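Engineer: Dumping what Swiss-Prot says about this protein:
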- Gly40, Pro41, Asn42, Gly43, Cys44, Gly45, Lys46, Thr47: ATP binding site (BINDING)
- 8-215: domain 'ABC transporter' (DOMAIN)
Amino acid sequence: MIPATPFLQATALACERDGRMLFENLDLHLHTGDMLQISGPNGCGKTSLLRLLCGLMQPTAGQILLDAQPLGRQPAAPGRKPLWIGHAPAIKDVLTPLENLSWLSALHQPDGADADTIATALDAVGLAGFEDVPCHTLSAGQQRRVALARLYLPGPPLWLLDEPFTALDRQGIEQLEKHLAEHCEHGGMIVMTTHHSLNRLPAGYRDLDLGQWSA
């Protein structure tokens, strides 16, 4: 049987930063249900790879296809643009969790998520009752959970996550592990970096040691 076309595919990818080649000749592909963990030593380009895959950086060489189309050549179809959550929460301090998630959800849905859907997402990450509190009053862990609440909103199938377990307590880590695995088990896809040892792995889990492609 000929395998289905990958939703995400990178071919002969290379990345240079500040005059140093981080990696080159990297091939990867992601199909429905896959979880790809990017590992490797500090400085090998893990975060840079994620930024390439979501279009925030351009590769030094190689090609990235998203949904069989060259990444960045034209806007992704509605609901197909990858959801990117970086190491920093990337929320606006002066806004409330409800307000932050309202505009962030609009990046992937024409009208964004409604207030009830956002409240349900905040409840899922343990922030019920904090919907209308300015984010600058929240702890680092709570701000991280505001960002991660995006994973509980309707959105695209592909998630790109940089150290998603940072600043979470044990209960938060266990809950997020479960949610990530279930996303893949229901046909979603994830590429992520993490120093956390995962205890729940979906059938499509793979590890990519980026150090093997260091220049």
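Including glycine, each Cβ sits where the backbone N, Cα and C put it.
Remember, it's a predicted structure, so these values are computed and weren't measured experimentally.
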Engineer: What other residues of this chain sit with their CB within 8 A of the center of the CB atoms of Gly40, Pro41, Asn42, Gly43, Cys44, Gly45, Lys46, Thr47, the recorded ATP site?
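Structural biologist: Same chain, not in Gly40, Pro41, Asn42, Gly43, Cys44, Gly45, Lys46, Thr47, Cβ within 8 Å: Leu22, Leu210, Gly211.
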Engineer: These are the binding-site residues: Pro41, Gly45. Which one scores highest on other Cβ atoms within 10 Å?
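Structural biologist: In terms of Cβ crowding, the pick is Gly45.
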Engineer: Counting Cβ neighbours within 10 Å across all chains shown, tell me which of the binding-site residues Asn42, Thr47 comes out on top.
Structural biologist: Thr47
Engineer: Counting across all protein chains present, how many other Cβ atoms fall within 10 Å of the Cβ of Cys44 (ATP binding site)?
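Structural biologist: Here the count is 19.
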Engineer: Among Gly40, Gly43, all listed as binding-site residues, which has the most CB atoms within 10 Å of its CB?
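Structural biologist: Result for the most crowded candidate: Gly40.
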Engineer: Tell me, what is the mean pLDDT of the domain 'ABC transporter' (8-215)?
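Structural biologist: Across the residues of the domain 'ABC transporter' (8-215) the model's pLDDT averages 93 on the 0 to 100 scale.
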Engineer: Any same-chain residues 6+ apart from Lys46 (ATP binding site) with CB under 8 Å of its CB? Would you list them in sequence order, or say none?
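Structural biologist: Sequence-distant Cβ neighbours: Ile38, Ser39, Gly40, Asp162, Thr193, Leu210.
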